[in-house]
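Q: Handing you a structure now.
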Amino acid sequence: MYDRAPRWLDCANRGSTEEHVGPGTYQVPFPKQQATGCYAPFLSLSSKTSACVVSSDAGQAVPGPAHYNVSQAQYNIRGGRSLQNREKRFKKLISDGPGPGSYNWPYLGTLCITTRQKTPRTPAVSRNIDIPSIPSSGKSHGYHLNDDDTIMRRTPPPSDNTIGPAYYNPQFDYPKASLKYKGVNFGNATGRQEFLKYSGPGPGQYDIIQKRKLHCENINIKREQEHNYYTYVPRLYEAIILQEEKKGVPGPGKYNIKSEFDMIKSMSALVNSPSFIFFSETERFEPIKSCTPAPGTYNEIRTAFKCPKKRFGLSLPFNQSAARFTEDSKAQKLPGPGFYDISTNIVKAQVKKPCLKKQPKTGFGSSVPRTLFTAQKKAFRGPGPSDYQVRGTHDELPNLNKSAAFLSRAEKTPPVRKMRLPAPGRYDVQKSYDMSQVKHKYMPPRTSVAKKRHSSFLSAAPRCLGKIADGPGPATYSPVLMKSGAIISFVKGPKRFQEFHGEFSPGPTTYELSPFLRHSLLKRTYNVTLPCSSSPNRENTGCPSQKATQKFQREKLQYFN
């Protein structure tokens, strides 16, 4: 990389200055003078090196970009000149005086001998500017160098097929639009230009090609005057007159042209219609009604479960002949709760022919049968929690649909104890919401056991629970029968299909309302108790929900004690 850099070895033998310093010992570089323009076209008199000159640098032998001065032809723009300084901001300073090391002064204490020594000069290769770019005839083809170092001129070919200068299209870097004058031409103008006004019509005021139109004029209506092209803005008193005239003109949708295929509407529908808006009698959004009848429109007597008995005469109260409470035919076909007997697996024959049964005489002309509370309780009583039987050990066969890994049937986790859910209404939801979300107050302990737990940060609470005196019943355990020749392994074999032991939840017929709330005719009094057939049965046989709550409270007290 640095092998071609020039090295000056004589600098090590001498000092900073030469031995002999004089007015001819150094060479001051002068700037080259450019050739002045002449009559030759296409910049033919610009400097150009000849092919015979051998230069040390290969880049200096061939003219590079921007070698020719074309600024005089490009920037000679006609127009005004702005007041600006065209001098360069940063000039290249060239000192005319000698530089350091040009003079060779003798050292102090030595004999000064003024002997001038000639310093060898290196021949400087410079470009020859005398040869023009368009050479003379017969010398434009160059020379040929022979083997004996003789130069021989090349002869021109018999025919010249080269393209002349008129066929070249020089491409400049700057477009013509950027070379135009962009200043203010106010100072360059010599006179004022007046705006010429033409008296003729302007563009778009007339149509050259006019089409003949057939004009139909009504005698009763005057022809509109089209010579007024200004905008008409009515005043207040004129706007009132125009609004009154508009009221006499029918609006959109006022006319309803009847078609041959339209259905004639009855006059009763127009009476009940709301008031018309915007003087229009047509409805904007008509309801889409289906032509098919709705479910329950027809009452077929042959397939109906119960047909209401028609009455004629003055026995009908309130001028009503329809039943007060109609029963759904789909609900009558399906069996209700308590319809099946689980113990016998036989459907109760409670469906009777309603036509053969004589209907009792009811009050207020109502034809809907009303049954007593006892009959309703017997008809709709479902199985309670005590009606189900616990599955015994003999019902299930051993090793039925079971697969165990390594023949192990030991249970991995102990069975979870079944907890009974409290009855609905046992908790006060509104009170708990107010205490937790609204007031943010905690209730004091209500029992003695809770007081012990709240004191001393639960230090008085027992660590182990007490022994439960009430043991499990005989049907609590469900033993798994094993084969006699089973191989016991140490690996646990879980069941493939395990049964889901859910928590105990009461059935739909576990709870029932009081007969005073359920029956509409029974009213509670303070002094007199109405005779009811269900009262003696209620004393002896308690409600299964009350039994469940009492047993749950008893187990809860035993659990805390």
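In case you wondered, yes, glycine gets a Cβ from its N, Cα and C as well.
Copying in the features that Swiss-Prot gives for the protein in this structure:
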REGION    123-143  region 'Disordered'
REPEAT    21-34  repeat 'STPGR 1'
REPEAT    63-72  repeat 'STPGR 2'
REPEAT    97-104  repeat 'STPGR 3'
REPEAT    164-191  repeat 'STPGR 4'
REPEAT    200-210  repeat 'STPGR 5'
REPEAT    250-285  repeat 'STPGR 6'
REPEAT    292-299  repeat 'STPGR 7'
REPEAT    334-367  repeat 'STPGR 8'
REPEAT    421-438  repeat 'STPGR 9'
REPEAT    471-481  repeat 'STPGR 10'
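Any idea what these are sitting next to in the structure?
A: Confidence for the repeat 'STPGR 1' (21-34), expressed as mean pLDDT, is 61.
Here the repeat 'STPGR 5' (200-210) is broken down by DSSP into helix, strand and coil counts: 0 helix, 0 strand, 11 coil.
Summarised by DSSP class, the composition of the repeat 'STPGR 9' (421-438) is 10 helix, 0 strand, 8 coil.
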